[in-house]
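Worksheet for the structure shown next.
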Amino acid sequence: MIPYSTRFAEIYDEDWSGFASRKAPKVLDLFRNHHRSSDKAVVLDLCCGTGQMAEHFLEQGFLVTGIDQSQAMLDRALARCSPYVESGSANFLKANACDFSLDTSVDFCVSAYDALNHLPDQESLWRCFDAVFRALKPHGLFVFDLKTKQGMRGWNSISITEKPQWTLITRGTYDDRDTAHRRVTGFVRDDDGRFTRFEETMTERWFDPESVCQRLEGTGWREVRYALSADLTRPATGVPDGSRVYIVAERGARS
């Protein structure tokens, strides 16, 4: 995973929050449909970024633990969700997505915005699944998305975004097999009117959805299915068309 810089985290928080706003209500519907207890449910937001999705869950009465490897992202999440952190409803931890442990188990886990595609290889993804399994209560629900090859091709481009306080130049390539690369160069206006330059490099890897589901089914997960992007409570037949595939799995009872 990528320990993003403070400058990039600021721009991410300002300009890339739309996905969380659109998807959080769908994830909430899925969780509510599954959780029938009157107790407050606990959500693990894995690769939580700047806390946009976590904030949606907190506003709806859920308890949230957020995990990310970037301290800059976590600092933004802590600031965004500070009232909930102070009340004990939220906490944020710096940890690796494929090697973490929690003191108490959770009811749900979500990892969104193709965060798991940033893992370096398939073995790391399997380790991530094992860590999530250990974190969830029996029959807890895990929902995540993975970028499809169609979505990977969307990285094969150059774009420039200009705002009053910053400019972002994004260059992407896709090898049409398993790997996409993106280089982000940013210029942020400082208080004295000068600009500070930063650069981030990202790599995403394609994981075969069928192999992913087979791995989950073979390691104690049940009710593994693809879900419709517009309604995560509804199963999809086969891998749906689009830039992302959504997968839902329930933790089995084994320890």
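In case you wondered, yes, glycine gets a Cβ from its N, Cα and C as well.
In TrEMBL this protein carries:
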type	residues	note
DOMAIN	43-140	domain 'Methyltransferase'
Within the domain 'Methyltransferase' (43-140), residues counted as helix, strand or coil by DSSP: 42 helix, 28 strand, 28 coil
Mean of the pLDDT scores, which run from 0 to 100, over the domain 'Methyltransferase' (43-140): 97
